[in-house]
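Some features that TrEMBL has for this protein:
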type	residues	note
DOMAIN	52-119	domain 'Copper amine oxidase N2-terminal'
DOMAIN	140-235	domain 'Copper amine oxidase N3-terminal'
DOMAIN	283-685	domain 'Copper amine oxidase catalytic'
């Protein structure tokens, strides 16, 4: 950290962002995201080889054929390991294309693997192979164009049936309302009926409900057949907008006038209420960055890994190595689920599965100095989703080394000899931030110098709300005049494919128990002493720990090899969570989110079980395309290639301090992967950042204590690049 303390220091040149280090990056390209050029190649191939007309998804009707997304097809793990470790051939580079076929006798969703890049020659329909059957068309995630078509229906058809009510109650002028959809779309398989909650169209509209909600049946592929199924206003239900209008004109409605908010939202505005003052502390690298980023490959201290961005699930890491040895093959986000409560229909029926909307697709451009340190390395990402052209999100992923301001370890000795030994806790952070509707998720993967990896998510954004009426306080807190901050649970699922000392691992639990013994030197006295308990968890059923159940405090992946002291080398899984309760298993939609039953479940790794859920589960949770509960079938997990599925989360009861915006403080959960007898001693002892001096040494000398030289090395300000932000380019409204 640097504080200028009121006087301007001379400028110093910062080092180049990309630091050349030894080590090949070509192998990491097997995990690299598709380039924009490759995406264009795939689109052209599909247009020319499927024999059907493909409409641009950004303007497609439900009755059209279109490309929903194009993403990297990750090769099979066995092929990749033969290439990485065994000198085998590089696996063919392939794309996965998701297509909606609405313009045919049997509308459906089809997934194709297209390859090999760059000279495309084949496409394979993998839908039945992946999902054991065709994927019905009603399960498709809603396109942006469908949202626009529903909004047009609401404005031009539905609202036209209640002109007096809308004008006199809301001063409706076709521009002053905003809609938020709910999901899933209905109550049973095959439904496509969505509650659209009406808000004032102002900044931070999520906390400006007006009390009106409309249920639209948009199941027909013919837009002209869409209809209003139900209307809700201020605690009362109506058959449609016609009945609402009639009841209002006849004076049979209890009207709750909402004060018209200014365009900046007033209480919901993010605009600071205080002027700028003294600049906050800045972090910088006095001698340039100590990590390198080349293509999708990162080197930092003893760490190396490849990174990528899935259009559906967001940030993911591959081939994570420490001191040259692979620790994890894959660490990836799987899903972010939120389950709401309310006494309004939109709120009570909402179960958002953000992977269906696209956690990677909605990765936000990052603001220097706020979302990440100003001097971080910013990386552009590309995606092809709901369009025929790839889109670029500038500076949507950042990498930086973070001085956490505390020692990783330290000891001050004032007994026997006098000395100090310590190590700064400086870690590498890989970050992306997804903005999915009102939710903002800050996704971090953090690499520590002791061989630990942390997966962390911080939640911020706007609290979604309902109109306060009746017994609303049973479902949250009042946060403004007519605004109920509605209770919700957040559950985050990760896939962690650890390879500890190789692919063959077992799951071992260590914990403690008290035993009662007679004191050997005084048998008439009793001692309660803690002892170590050990258990090998042999089957998937034993390794599936329910959300609120007691889990062994030390649970780890154990290698077949041992460390110098005869212990199985291991990596421990440690979860930080204060999750709310899981949806009751009797629920008709629970199997679609059955991964959230478990805080931890360890299964055999299978290519046919690549993800814990599916983007198709959101719109048909009653007949889930992927049901995680089916992964757990009591198979043996001793000396097998294993995957840990980790669920972490929090219960959010919005309160007045969530206005205007929820803060990240206290809303951070995740997991740690920590070496457990993996090394013979703490590997951070070999860090170049260590500080040690004795009472007999000159601790002000640079050669003894490099920290003593900081007043000289930190006597200048870095020459920061100019501030830029491209987050408002080419944004389409949903």
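Using the three backbone atoms N, Cα and C, a Cβ is placed for every residue, glycine included.
Secondary structure by DSSP for the domain 'Copper amine oxidase N2-terminal' (52-119): 12 helix, 29 strand, 27 coil. Residues in the domain 'Copper amine oxidase N3-terminal' (140-235) partition by DSSP class (helix H, G, I; strand E, B; coil) as 32 helix, 29 strand, 35 coil.
For the domain 'Copper amine oxidase catalytic' (283-685), the model gives a mean pLDDT of 97.
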